[in-house]
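S.K.: A single structure is presented below for examination.
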Amino acid sequence: MRIFVGGLPYNTNDDSLRKLFEQSGTVSDVHVVQDRFSGESKGFAFVEMPNDGEAREAISRLNGSALGGRNLTVNEARPREERSGGGGGGGRSGGGGGYGGGGGRGGRY
């Protein structure tokens, strides 16, 4: 099961998060998401646990718990939604308006 972990302290690394989740069972993968430019943690991660029972136990044990002074949000990761171009704002349609789109007023001077 893929688990989303949010609210992480920014100094959390893969190894420390793995140790935290291994208290509940086997961990196959840990990925603390980092900013691609600065290399700093974005404060969330994904943990993969092959045994669903152990994963659910980790979620119930860790969700809402404190780590480094921050409360964790831990739940089953949702599948990543496809990013399509639709849905966002759209372009400007229709004419007229704006600069120079005048309505029969003749020249400027």
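A Cβ is built for glycine as well, from the same backbone N, Cα and C atoms used for every other residue.
Just so you know, TrEMBL annotations never went through curation; they're auto-generated.
As listed in TrEMBL for this protein:
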type     : residues : note
DOMAIN   : 1-79     : domain 'RRM'
REGION   : 67-109   : region 'Disordered'
COMPBIAS : 85-109   : compositional bias 'Gly residues'
S.K.: For the domain 'RRM' (1-79), what are the DSSP-based totals of helix, strand and coil residues?
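M.R.: Going through the domain 'RRM' (1-79) residue by residue, I get 20 helix, 27 strand, 32 coil.
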S.K.: So what pLDDT does the domain 'RRM' (1-79) average out to?
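M.R.: Averaged over the domain 'RRM' (1-79), the predicted model reaches a pLDDT of 96.
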